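*Asks:* Okay, here's the structure, questions in a sec.
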Amino acid sequence: MTISLQNSYTLTGGAWAHNMNAKDYGRLLDMGWRRSGRYLYKPNNRLTCCPQFTIRLDVTKFKMSRSQKRAMRHMNEFLATGKRPVCGIKEEDSVEKNARKSNLTSAETNSTSHQEPPSKKMKDSDRPVLTKKEIRNKRFFEKCQQKNLDPEEVRAERKAKDAARQRTIQSYIDEACPDWKHKLEIKIVPVDSREFDERINESFDLYKKYQTTIHKDHHCRFAGFRKFLCDSPLSLEKRDGVELGSFHMWFLLDEKIIAVSVLDVLPQCVSAKYMFYDPDYSFLSLGTYTALREIDVTKRFQQTCPYLRYYYMGYYIHSCPKMRYKAKFRPSDLLCEKSKTWLTFDACKELLDKSTNSNGFTEFRPEEPQPIPLDVDDILVYSKREILTFAQALIRFPEMADNNEFLQKVRELTILVGPELSEAVYFFNEFNS
């Protein structure tokens, strides 16, 4: 693996990856890194305005929520009959729609600003106000008492029945019939394959339509699309029957691409990088549906390769409402910025809600030690067609041994990449001038 350091670690650490194997990139993900094309980056959550925490889902424990089941059901109903669902599920809004909401809220605020605030309903100390959950529990216990039943036994029986009828993603996929009005096909295509290149223009046109309609981005260019979503430093390799590398997952409705998921398949996970879809099919809740199909793909990989059990959803930003949908895929975990260990989302949410930092940052496990980085002298560097240790390179370029700014930059890099990338080769301009 060869990496060129881009800049010092201020708000974001960054580097260009010339080539990289899937295992090394997976290790970087577990240190909080992501990629955009060949560019690797790691936000400094202590300094950035919006801390970004890596979020993952253990697909072996995943259970669909009611709204996620609805997305699967609506898709099947559309495929079977061609009829649009009566109501969809809540997903991201376009920029224009959000602006209309904002204007409406402002108008409502102005129209009511002169009115007196409504008086709060006071609690009666003799009749406390109960939450819906407390009311349900109270009624449940009353019914159990009337029938002389043990509440814990009743709950255990209910839990067993729920588990027996729990729907899976695959159970919805298996409902497909040849006589349905539409056919939906899923294809996972390597980004450097001939099949991918044959339909890259179709993919770009879809991406441009999505960016223009949903995000009001009218400056999409093919070169930017290719650099952002098609170029990858990952090399294709096969491990335990699973092909690792970078892929586009096509959602083909009657052979037409209506959605694309950009994925990296790594030894421990499927990493979702980006997704775009045809806005004409927004009524199918494609953001949710495509994520569920990505989870299903991860589950199928896991059956072949037991260690490949996680679905990485990129970064979770607690202060950004549009990012909170990621936590709806449960049970998910967040990565601790300091210890680089994982903690359940529910535990992290409680800590994030209580954060006293101005940007909302918090360390989930402050008592845990930070991973011990590699010794700077031992890291490998590329220098004039040779691979040397950092210590050897300093002998060749003695002036750099006194350059404190450069040495600090390299120390920061070893902390950021962690102790596992001992075979990585780094390219520094200072050693190649």
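Placed from the backbone N, Cα and C atoms, the Cβ positions cover glycine too.
As annotated in TrEMBL:
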{"type": "COMPBIAS", "residues": "101-116", "note": "compositional bias 'Polar residues'"}
{"type": "COMPBIAS", "residues": "117-129", "note": "compositional bias 'Basic and acidic residues'"}
{"type": "DOMAIN", "residues": "18-70", "note": "domain 'N-end aminoacyl transferase N-terminal'"}
{"type": "DOMAIN", "residues": "202-336", "note": "domain 'N-end rule aminoacyl transferase C-terminal'"}
{"type": "REGION", "residues": "92-129", "note": "region 'Disordered'"}
*Asks:* In this predicted model, what is the average pLDDT of the domain 'N-end rule aminoacyl transferase C-terminal' (202-336)?
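*Replies:* Within the domain 'N-end rule aminoacyl transferase C-terminal' (202-336), the model's average pLDDT equals 97.
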*Asks:* Take the domain 'N-end aminoacyl transferase N-terminal' (18-70) and count its residues per DSSP category (helix H/G/I, strand E/B, coil), listing them in that order.
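*Replies:* Reading the DSSP string over the domain 'N-end aminoacyl transferase N-terminal' (18-70) gives 16 helix, 17 strand, 20 coil.
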*Asks:* DSSP-wise, what's the residue breakdown of the domain 'N-end rule aminoacyl transferase C-terminal' (202-336) into helix, strand and coil?
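*Replies:* Across the domain 'N-end rule aminoacyl transferase C-terminal' (202-336), the residues distribute as 56 helix, 46 strand, 33 coil.
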